[in-house]
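Student: If you look up Swiss-Prot, you'll see ARG305 marked as active site, critical for catalysis, on the strength of experimental evidence. Residues annotated as ADP binding site in Swiss-Prot, with experimental evidence given as evidence: LYS136, VAL171, LYS173, GLY183, VAL186, ILE188, GLU215, GLN216, ILE218, ASN223, THR246, LEU290, ILE300. Residues annotated as Mg(2+) binding site in Swiss-Prot: ASP288, ASP301. Marked as domain 'ATP-grasp' by Swiss-Prot: 131-347.
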Amino acid sequence: MTNNGNEPNLTLSDLYDKDVVYTSRPSYISNPWLKPDEHQSNFLTGRELLIANQLPVIVHEASATDKLHQLFQVIGKEVPNSIYTFNNQQSYENLIKQLAHKENKKIYFQYIHDETILNQQYYALDKTLFVALNNKARIPEWTNGKFLPKRKVVKIEQFENEIKNWEFPLVIKPGDDLPTAGGYGVMICYHDADLQKAITRIKEATAETNSLIIEQKIEEKANYCVQFAYSESLGIQYLGAATQLTDKYGFYNGNENTTNVPEHVIEAGRQIMENGVNQGFFGVAGFDLLVDEDDNVYAIDLNFRQNGSTSMLLLANELNSGYQKFYSYHSKGDNTHFFNTILKYVKEGSLYPLSYYDGDWYGEDKVKSRFGCIWHGDSKETVLENERAFLAELEHY
């Protein structure tokens, strides 16, 4: 069962200097491959509060209301004191500038921001390096040319000619520095109708994208997010791995805990992490590694940044070790019913809260609330039964 007294194995403040402030919010400035709406981006700011420890985090005011305090209280936790809050684009960008220019802070960005918002000299992790490590076209550099499916990087104007030489199923990804997340920006094509949809998206992004990656679609038997952390004092630490839950088109449906990760998969991840560290990386990274029927490992995405399931791995001591599932939910419209249903399951001990974006901060039911959490229980069957009951209750209001 839940052990409320346990502390995380490792916290984010173990990895960063005292002058670092963390923001997980994507920039307000749009990007054709990453288009979460404003509320989703604000919701992301509360995701790491339980693993931050002393690391100051920039959080939207709606992600730190009394609702979150109530949920944390049930599990014996408190909202950290070391948070900086904002409430709109102007206050967010002003806060970042003030922290850097007036308070001599370095900002650790989950997603890079434009130079007009903050000059790269104020980044905790070198911006050029961060961009390079997360550029999908440069994956072969960080894997030493190993763990790669058949792939080709092409100029966007050559794409429609080149794609004629490929067979389905295939994957198309942006080959530039713009970030993607949760499968958005990754286009899996099983047939010509999928390809035509992808071509439409590519045309919309032509102004900001120079190149694309075409990749053989791996028929995987397992899809792991293998995670590591590094600081100079700690060295490289293996945090664990989570199984990625995605639909057939690669869209993210959460993570579940996994045991008995094959050693050669962990070792592949460690080699990639070592390459990043040798370039100057520090912090948390998670690598999407597929295993096919022949036990070959393929690196399909390298996230040299925190991942959605990082909290699940770092909070393992707090959770039932049987089965865990990380996911998030949106209110159906009645935010009070949404919150009360969540509170019920948190009190029952089957639902572990991570973040709560309070839509009522904007006015009653003006915006749909959102909730990030970990389900945990003795078995997968028990957890999924609880989740089904929870979803059914959310529908009845």
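If you go along the chain as it appears here, the first residue is 1 and each next one adds 1.
Backbone N, Cα and C atoms are what each Cβ position is placed from, and that goes for glycine too.
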Student: Taking the Cα atoms as reference points, how far is THR246 (ADP binding site) from ASP288 (Mg(2+) binding site) in Å?
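Tutor: Rounded to a whole number, the Cα-Cα distance is 12 Å.
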Student: I'd like the number of other C-beta atoms within 10 A of the C-beta of the residue listed as 'active site, critical for catalysis', please.
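Tutor: The answer is 22.
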Student: According to DSSP, which kind of secondary structure is ILE218 (ADP binding site) found in, if we only use helix, strand and coil?
Tutor: coil
Student: Of the recorded positions ASP288, ASP301, ARG305, which one has its Cα closest to the Cα of LYS136 (ADP binding site)?
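Tutor: So, of the listed recorded positions, the one sitting closest to LYS136 (ADP binding site) is ASP301.
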Student: Taking the Cα atoms as reference points, how far is GLU215 (ADP binding site) from ASP288 (Mg(2+) binding site) in Å?
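Tutor: Taking the Cα atoms only, GLU215 (ADP binding site) lies 15 Å from ASP288 (Mg(2+) binding site).
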Student: For ASP288 (Mg(2+) binding site), what residues in its own chain, 6 or more apart in sequence, show a Cβ-Cβ distance under 8 Å?
Tutor: ASN223, TYR224, CYS225, GLN244, ALA299, ILE300, ASP301, LEU302, ASN303
Student: Cα-Cα separation of the residue listed as 'active site, critical for catalysis' and LYS173 (ADP binding site), in Å?
Tutor: 19
Student: Would you report the average pLDDT that the model assigns to the domain 'ATP-grasp' (131-347)?
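Tutor: Averaged over the domain 'ATP-grasp' (131-347), per-residue pLDDT gives 93.
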Student: Return one of helix, strand or coil for ILE300 (ADP binding site), based on DSSP.
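Tutor: Strand, per DSSP.
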